[in-house]
Each structure stands twice: as structure tokens, then as C-alpha cells.
Ligand code: PPS
């Protein structure tokens with residue numbers, strides 16, 4: 001049975017917080033990233049107990065190496081404060097820094113004891129199992145996280161502010177108090193980042209019944225896997241499913257966790273967090289917190305690795321694992337049953353709809369049967385994700401200067417406007433440089449900024465149901481990937497490589513720039529004195545030599561139709 005006494009938090013009293021706020025004006029100030037805000041919230045409210053701050057170098061080494069803090073306690077996930085080299089440079093040991101949210105609100109003071117450059121490749125191998133950018137956390141580590149880590153204890157000033165679903169957010173101590181008040185001694189936690197359908201409702205209910213425990217639906221609303229259903233939609237879905245459980249057996253609380261999709265280590269981490277939230281059990285499934293396929297197309301982890309690692313550590317963790325039962329629908333009996341308990345398998349009809357099939361049906365506006373999900377859940381999902389042909393999307397042309405990007409993009413825009421239906425905006429390289437990026441040059445840093453700005457505008461257009469057509473050179477693969485990730489949260493990203501060779505572009509030399517570049521009068525010219533990473537897997541590659549513009553634009557239209565984004569008459 002869990003001890004439901006309060007656990008330590010890192011917050012100071014209201015009076016001390018006011019005083020510290022006053023003094024913090026003179027401290028170096030770090031604006032936390034969304035992931036760091038999630039981590040900080042769980043550090044401060046005890047969700048990451050026994051951590052007292054961001055990991056020191058010694059703790060970090062132990063956690064990376066063998067999941068142990070320097071004092072020997074079990075902790076599987078590096079919780080580190082990554083910052084830029086410039087910020088870390090002037091910091092002396094013992095220096096206090098102010099940790100602020102993205103609006104500048106002071107959330108905590110951190111006493112920096114450690115300041116080091118981590119070996120990220122090693123962290124990727126040890127923590128995530130492979131230094132492979134197909135893993136979202138490895139990609140984050142290499143392409144988003146700062147170069148330097150800071151470690152040290154944190155003094156909590158105030159919780160990050162949330163304006164959404166306030167009544168559904170609880171700290172570990174609030175949940176513990178709630179369980180104490182209701183006399184819930186045994187509680188099974190269900191961790192989820194997906195909408196719940198009937199099978200989930202059945203399996204969670206059974207898990208709680210088998211353990212003779214109450215049930216906590218504990219969905220992650222911090223950061224989940226890129227491409228997941230947004231948490232606003234999910235929470236509205238969860239609210240609907242909550243009514244399907246017998247009254248007063250089940251509750252729901254939202255967890256502001258930034259997931260890492262680290263499979264086995266993540267399962268142990270989820271267990272420790274749920275223990276802090278007062279739970280006695282947690283449901284761990286097949287491929288728990290799995291990141292999908294690696295760059296060779298194989299699973300990162302074995303299907304039962306998470307359960308195995310959890311089992312090895314369960315005793316020390318003080319929270320029990322409940323096996324996730326694979327539930328399937330038996331048509332003849334009109335009910336869900338655990339797949340491994342169906343004795344007459346060969347005589348009955350077993351129905352199942354995979355995640356991929358569900359997404360296809362939603363994307364194409366097809367029927368989703370009631371045996372699979374609750375009508376309220378399907379309605380919410382359809383509201384957020386209308387069929388693809390009604391969603392916004394981005395067509396992102398990339399290629400050398402003079403390759404024909406702008407001309408094809410213009411032709412495509414006109415064709416789409418002829419078809420009508422969705423507002424269409426062209427973000428051409430030259431136009432963007434005039435209106436959005438007029439102060440930028442062509443250094444790597446400036447090109448990245450330019451492309452990120454285009455990506456930002458395109459993602460807003462996509463989010464709001466429009467069509468964005470972008471036509472910059474966008475020479476760097478990593479930046480194109482960042483833009484893809486920004487946009488795919490909201491709709492399709494269709495990368496079109498305009499594959500005109502550099503020789504042909506130079507031969508055409510419409511603007512006379514290649515001549516100037518050859519003469520050294522324009523520096524850092526793409527293809528001449530600056531690199532261009534050829535897209536490896538664009539949705540479409542168009543050749544322009546001996547093909548007219550109309551045909552190139554038509555190839556793009558056909559691709560959009562094949563992807564279900566437009567309906568050709
Ligand atoms: S980038 O790399 O994506 O930010 O470039 P982009 O915004 O598309 O701008 C490319 C246009 O700027 C002109 N130009 C140069 N291109 C490449 N390298 C250098 N150094 C350079 N200096 C000026 C060039 O005309 C490009 O126009 P397009 O439309 O591509 O022909």
C-alpha cells in the first residue's frame with residue numbers, strides 16, 4: 001500500500017517568494033523552453049521526487065550509465081537544463097540564475113553548481129538505445145537542446161501557469177490528499193498519450209477490477225510524440241469516456257510531463273512518477289512509450305523490454321506493474337475480451353481496427369463503428385481532424401537558385417485557386433526576403449532563421465485550414481526537417497525537390513547571379529560556394545529539363561490528389 005503522506009515540494013513560502021522575486025531582477029535570466037517548463041513543474045511539485053533540481057554532472061553520469069543517481073537511488077531519465085554556450089559562458093559555480101517562462105514570469109531560482117558539455121552521442125546510446133535521429137528524443141537532443149548542461153538545486157517560486165482544464169490538474173500532494181479523502185488505498189494508474197476507445201476503457205476497468213483497486217486515468221498533456229492528437233482534443237475525449245466507468249471508481253488528472261518516448265527507461269520513469277502521485281499500480285503495455293521505427297525500419301525496442309525492465313526494478317520502486325491486456329472485440333458475443341483468454345478463437349469473429357486504419361478512416365471521412373469507439377469520442381476527433389481534403393497543408397519547394405521553384409509554385413497557386421475551396425498563400429523566396437527577412441543575409445545562421453520564419457507562417461496557415469506554398473532554396477536538411485515537424489502538427493507537409501542540376505541553373509543564369517558568384521562577387525552562393533543537401537525522401541521530385549512549367553505544376557497537383565489533399569474533378 002502506498003504511504004499517502006505528503007511528499008516534499010521545492011516551493012518556498014509566499015513571503016520568501018515575494019522577496020526572491022524582488023532580488024531576481026539582478027540575476028542572469030534563462031527563458032525556459034516548453035520541455036524545460038514541463039520538467040521544472042514536476043521537479044517543483046514533487047512529481048520527480050527524489051530530485052531536488054536539475055541533475056549535477058555526477059548524477060547525470062550515473063543516470064546515463066546505469067539509471068542511478070550519485071547516492072545510489074534509482075532514476076532512469078536525465079533531467080537536465082540545456083542552455084546555449086553564450087549563456088553558460090559567464091556563469092561561476094554557485095551562481096544563482098532566474099528561470100522564467102516564455103512570457104518572462106519568474107518560476108524558480110536555480111543555484112548552478114555544475115556546468116558541462118555532455119557527450120550527447122553517449123547519452124543517446126545509453127538512454128534511448130541508439131544514436132539515431134529517427135528517435136524523437138535523440139533528434140531533440142542533437143537538433144534542439146543547447147550544447148551545455150547546467151546542474152544544481154532549484155528553489156520553486158510559483159507553478160507554471162495553465163489556463164486550460166484547470167480543474168483537472170493536480171500536484172502529487174493534491175492527488176494524494178484526494179485519495180486519502182476518498183479512502184482510496186490502492187490506485188491503478190493508466191498512462192496515455194492517445195484518445196481512449198472502447199478497448200482502452202475495457203482494459204483499464206478490468207485492470208482495476210483485477211487489482212481490486214480504483215483507477216486513475218493519468219494522460220500526458222505536456223509534450224508527447226510529434227504528430228499525436230493535441231491534448232485539448234484528447235482531454236475532451238477523455239471527459240466523455242469518464243462517464244462510461246461505474247461511478248466513484250475512477251478519476252482523471254492531467255500530467256504535465258514531457259515524454260521522451262524512451263521505451264523501457266520511460267516505463268520505469270512513469271512508474272516512479274505515478275508512485276509520487278500516490279498510485280500503488282501502473283498499467284504497462286506492449287511497447288510502452290515506444291518511439292516507432294528506427295532509420296533502418298526496425299523497432300527501437302523489443303515489445304516486452306519495457307515490462308521486463310519494470311519487473312526487474314519493481315520492488316525497489318514501490319509500485320506494482322499491471323500487465324496490459326490486449327483486448328479484442330468478439331462479434332458473436334458483442335463484447336471485448338482479452339485476446340489470450342478466448343478459448344473458441346476459431347469459432348468466433350474477432351474484430352479490430354488498428355491505429356493506422358483509424359487514422360485512414362478519419363482522414364477519408366469514413367465510418368467508425370460503435371463497437372470500436374464511443375460516438376462522443378469520434379465526434380471530437382472528426383471536429384479536430386476533418387477529412388484530409390478539407391485540412392490545411394503546405395507544399396514546400398526546395399532547389400537551387402534558378403531551378404524553377406518560383407515559376408512552378410506560381411503555376412501551382414493559380415491552378416489551386418482555379419479549383420477553389422481553400423485560401424492559398426505563396427511564400428516565395430524573394431518575396432519573403434523582402435517582407436519577412438529583409439535584414440537577413442546568406443550565412444548558415446541567417447538562412448536557418450529565414451526558413452524557420454517561412455515554416456512558422458506556413459504552419460499557421462496550415463493550422464487554420466489554408467494552403468501555404470513555399471519556394472525558398474532551403475539548402476539544409478536539418479532545417480527542412482524542423483519545418484516539417486512544425487507543420488505536420490497541423491496538416492500535411494509536401495516536400496517537392498525541384499531537381500534542376502547546378503550546371504543547368506548556371507547555364508540558364510536568369511538573374512546573372514551565378515556569374516557574379518563564380519567571380520567571387522557574391523559569397524556563400526548555394527551550389528557554388530555554399531552547400532545544398534539534396535532531399536533524400538521528398539514527397540515528389542520534379543525534373544525541369546525538357547519539361548514545361550505547366551506539366552511540372554500538374555505533377556504536383558497529381559501528387560496532392562494521390563495524398564488525398566485535393567479532389568480533382
Ligand atoms: S535560403 O537559403 O533558402 O534562405 O535562400 P532564399 O531565401 O530562397 O533566397 C534565395 C534568393 O536569393 C538570391 N541570392 C542568393 N541565393 C543563394 N546564395 C546566395 N549567396 C544568394 N545571394 C542572393 C537568389 O536570387 C535566390 O533567388 P531564387 O529565387 O532562389 O533564384
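Glycine is no exception: its Cβ is also placed from the backbone N, Cα and C atoms.
Owing to the predicted nature of the structure, the values given are computational and were not obtained by experimental measurement.
Residues annotated as domain 'ATP-sulfurylase PUA-like' in TrEMBL: 6-158.
Summarised as a single figure, the pLDDT of the domain 'Sulphate adenylyltransferase catalytic' (169-383) averages 94. If you look up TrEMBL, you'll see 169-383 marked as domain 'Sulphate adenylyltransferase catalytic'.
The domain 'APS kinase' annotation in TrEMBL covers 391-542.
Residues or ranges marked as ATP binding site by TrEMBL: 399, 400, 401, 402, 403, 404, 405, 406. In sequence order, 498, 499, 500, 505, 544 constitute the residues six or more apart from residue 403 (ATP binding site) in its chain with CB-CB distances below 8 Å.
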Entries of 402, 403, 404, 406 (binding-site residues) sitting next to ligand 1, with Cβ under 6 Å as the cut-off: 402, 406
Among 405, 406 [binding-site residues], residue with fewest other Cβ within 10 Å: 406
Listed binding-site residues (399, 400, 401, 402), ranked by Cβ neighbours within 10 Å, top entry: 399
Cβ atoms near residue 404 (ATP binding site) (within 10 Å, other residues, all chains): 26
ATP site shell beyond 399, 400, 401, 402, 403, 404, 405, 406, criterion: Cβ within 8 Å of Cβ centroid: 473, 498, 500, 505
